[in-house]
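Quick look at what TrEMBL annotates:
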ACT_SITE  HIS94  active site, electrophile
ACT_SITE  GLU165  active site, proton acceptor
BINDING   ASN11, TRP12, LYS13, GLY171, SER211, GLY232, GLY233  substrate binding site
Amino acid sequence: MKERPPLVVANWKLNGGTDLICASVASFLRQNFRVQIGIAPPYVYIGNMANFLRNSQIMIGSQNVSKFESGAFTGETSAQMLKEVGCEFCLIGHSERRQVFLENNASCHTKISSTLSAGLMPIICIGENAQQHELGLTKHILYRQLHESLLGQNIKGQQIAIAYEPIWAIGSGKAATPESVQEVHEYIFNELCTIFDEESAKNIRILYGGSVNKNNAAQLLAMPNVDGLLVGGASLDPEHFSEICALANQVTPEN
Ligand SMILES: O=C[C@H](O)COP(=O)(O)O
């Protein structure tokens, strides 16, 4: 049993539409989970979904946020705008944003600041690629991602979370082993103690993402430093995602 509810987040990426929204909302409204659940649909659906799920336990979040607050930045969406339509958290620095849209630790730092200023929870995504993994550079990469995006952030009174997503595990069907995830999460926790302090670090959930499904979720959540999951592909099937949430519910304290 965990000391606090795990956080299970669905990242729909560039998928979904009215059918998936209806099926997901219907699925969640008929269940009562103690686990904390978040869904990050594409931007355009955030407002409607947040309205549908206003009185539920489900948080709606975004997959990205602008590093700018306002101005001549065509195509951008600010943290304050997201807040206004009912968004509660933002994924920041997902590996697909880093690889395809050339985001880096510096842009993540700015986005985390904007998100915190708007009162949204940033979920900062970090992780090494296959080559870095094979060369034993995982902790080196994570060190830079954590320190360069988090140093100097004012997190007092704010919720933040980290999602460790080894890039080689994303969408590959090959999740990292629970033991290796535990080792990495413990490392992340220790770095968070250095960047902030131990009390603050204990309040930061560390999620695992990368080929999570209903067959491996329980073993991953059984690890002491795994505080939740970030689910991609399996979250596009509402029944499958509900089963993962139900497994997380089993390790969630009653109150
Ligand atoms: O944000 C989610 C991750 O990229 C994991 O995706 P996946 O569950 O499809 O491997």
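Backbone N, Cα and C atoms are what each Cβ position is placed from, and that goes for glycine too.
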C-alpha spacing of TRP12 (substrate binding site) relative to HIS94 (active site, electrophile), in angstrom: 12
Cβ packing number for ASN11 (substrate binding site), 10 Å threshold: 25
Largest tally of Cβ atoms lying within 10 Å of a Cβ, found at which of the recorded positions LYS13, HIS94: HIS94
Length of the line joining the Cα atoms of SER211 (substrate binding site) and GLU165 (active site, proton acceptor), in Å: 9
Under 8 Å by Cβ from GLY232 (substrate binding site), same chain, sequence gap 6 or more: ASN11, LYS13, ILE170, GLY171, GLY209, VAL212
Spatial separation of the residue listed as 'active site, proton acceptor' from GLY233 (substrate binding site) - C-alpha basis, Å: 14
Pairwise CA distance, the residue listed as 'active site, proton acceptor' versus TRP12 (substrate binding site), rounded so that it is a whole Å: 15
Packing count at TRP12 (substrate binding site) (other Cβ atoms within 10 Å of its Cβ): 21
Cβ neighbour count within 10 Å of GLY171 (substrate binding site): 13
Reduced DSSP assignment, TRP12 (substrate binding site): coil
Position of peak Cβ density within 10 Å, selected from the recorded positions GLU165, SER211, GLY233: GLU165
